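Everything on this sheet refers to the single structure shown next.
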Amino acid sequence: MFLANPCKLSRSTHFLLSIRSFSPANVLSRPCKSLYEMFEPSGYTDSISRIKKALHPNVWSESVEMELDSLNIDLNTYVLNQVLKSLSNSDVAYHLYWWAESKPNFHHNHFTTKSVISLLTKEQNLGLLTEFFRRRKIGSGYQFHHSVYRYFIPGYVRAGLISLAIEAFEELLGSDWGIVSVDYNRFMGVLIKNCSFHLLEVYYDTLSQYGFCLSAFTYSRWISGLCEAKRGELVEKLLEDMDKISLFPDIWACNIYMDYLCKSNSMNEALHFLQSMVKKGTDPDLVTYTTVIDGLFNIKRFTDAVHLYDEMIQRGFIPDIVNCGALVFGLCNNGKVEIAYELLMEMLKLGVKPTVPIYNALISGFWKMDQIDKAQIIISFMQRNGCKPDIVTYNILLNHYCDKGMLDKAEALIRKMEMCGVHPDGHSYNQLLKGLCKANQVDKAFEFLSDHMEVGGFCDVVSCNILIDAFCKSRKVQAAYRLFKEMSYKGIRPDSVTYSTMIKGFFTVGHYTLAEELFDEMPKKGLTPSVNLYNIMMHHLCKEGQYNQTQKLFSDMIARGISPDLVSYNTLMNGFRFHNKSNEALALYKDMRERGVMPDELTFRFLIDGLLRDGKAKVAYEIWEHMMENGITLHKEVSERLVKAINLENK
């Protein structure tokens, strides 16, 4: 019998229903204590002991069964249940249960059945559990007590046997017991834990029609599961349903949903939900505010983020390090360093102790704004407050010195780091190396790499790329190539940047063959050329008049999954116009638009010029009209030729 919202039924109704469900077939399955269980006669102790002794091998066999048959004891449910509860082997318990079933005038009750199920579930013996479940029901009219299903259903779900869990729940629904809210919530709980979201919706929609309600706890876990599975579209409906019965998610679920909204950039919804939390009595905590503030920074709503911080303070919250970090990092990363500094000063008054990374964010921000004095003040302040500058702090200073060409200060800072125990890392040395190269001190940079960085084990592919690039820009391509060759001996594998730099360097000094060889070598080394490198190669081939090779290279780029850019199309378009390939140029023009690459003035100039060279003035005129629609003006010389060609055709 299925009970509609049994949690609201009166006591008298429950009593009438219990009488209605009384039948000889299920009376023994009721969880009532028998007289045997209320009083334990001494004779039963002997029977229990003798059965245990017969089961001593802890393995069921024919000999064990024969020994039990020979005991000639007065078997009852109390004796059997005491033995079952003492067993540690579910297989033995299972066979003992059915052995007792075969005895004349013996009838199992709820306790013996529950003891077997409990052991089978505990040992995850789901094969025997399923067999027991089916065998117990077949032909006998036996009905399990509803508490037994609380063993079956979670056990099946944990084992991934969802269909059996559903079958057990459906049977409970159709039984004389019916279900109560606790059964419904537990079943939904195990489905949530198993992420069976489709089944959750089916049962939720079905049972809601009969007045069954989930608890706030179950709703909260469901909402959390949906958000973690990135299926938050159903959450809004659940929140509406909860509101109808005056429920609201707990703070844990609220924070998970808030995180989902913020990561989805649904900040208006997040702010609305924040207000709902306040109204519904689930007060936001620091995690809630930090999540929303961070989300607002991600979409650059700085004013809203600061206002929300002010609201948080007005509500009596004291910022913690995470909250402080979210504000400072968010503001500094977006150039709002002054505001970050002011807020940090306020937090210091509230007793917040910033960490070194928070100070570093401010120092870096002030350096970028060229407010050197303020950056130095922060460094002094953090040291006075017991925060020692770390490697990141020193690298911020080093980066600034190198960018500004203050190499003496940069070298002095490196020496200071080495002396005060803050050991420079690869990034530190590469910054100094880049600074030397930027100041055209390439030979000194090479000396620093060889004598200092290599000895300390800090020379890496980034270091080599910096120096190779500097050599190439100084037209010392042979020196760059020697370093390129030495990289493999140093155990450093050249990357795409290394190859690209060397290829461009060879083109600069006219070593085209070496450049082409390096380009062909890249796929063999497992490296994919960038679109920029493809453009350089295509430009070179066009200059050499190798237009077929240029076209092949363009096709190869697309085949490798590299999207051509405007330069790629213009390079190929330029080649087509000199070889009377106006049809290919038109196809290329169509392709670039389909790929979302917008033509520029150069594209139209090359295309129209090529069409005019092929005597296709009308087509050129149509392209010119499209060009004008896009607000682009045609090159004067090509425009004059187009007008003359159109006038000639109209005569």
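Cβ from N, Cα, C; glycine included.
Residues annotated as repeat 'PPR' in TrEMBL: 215-249, 250-284, 285-319, 320-354, 355-389, 390-424, 425-459, 460-494, 495-529, 530-564, 565-599, 600-634.
Residues 251, 254-255, 258-259, 261-263, 265, 267, 270-271, 274, 277, 326-327, 329-331, 333-334, 336, 339, 343, 347, 350-352 of the same chain lie 6+ residues outside the repeat 'PPR' (285-319) yet bring a C-beta within less than 8 angstroms of a C-beta in it. Residues 181, 185, 188-189, 192-193, 195, 197, 200-201, 208, 256-257, 259-261, 264, 276-277, 280-282 of the same chain lie 6 or more positions beyond the ends of the repeat 'PPR' (215-249) yet place their CB under 8 Å from a CB of it. Outside the repeat 'PPR' (530-564), and at least 6 residues removed from its termini, the chain residues within Cβ reach (under 8 Å) are 496, 499-500, 503-504, 507, 512, 515-516, 519, 571-572, 574-576, 578-579, 581, 584, 592, 595, 597. Across the residues of the repeat 'PPR' (285-319), the predicted structure has a mean pLDDT of 90.
Remote same-chain partners of the repeat 'PPR' (320-354), defined as residues 6 or more beyond its termini with a Cβ less than 8 Å from a stretch Cβ, comprise 286, 289-290, 293-294, 296-298, 300, 302, 305-306, 309, 312-313, 361-362, 364-366, 368-369, 371, 374, 382, 385, 387. Secondary structure of the repeat 'PPR' (600-634), assigned with DSSP and counted as helix (H, G, I), strand (E, B) and coil, comes to 26 helix, 0 strand, 9 coil. Residue counts for the repeat 'PPR' (250-284) under DSSP (helix as H, G, I; strand as E, B; rest coil) come to 27 helix, 0 strand, 8 coil.
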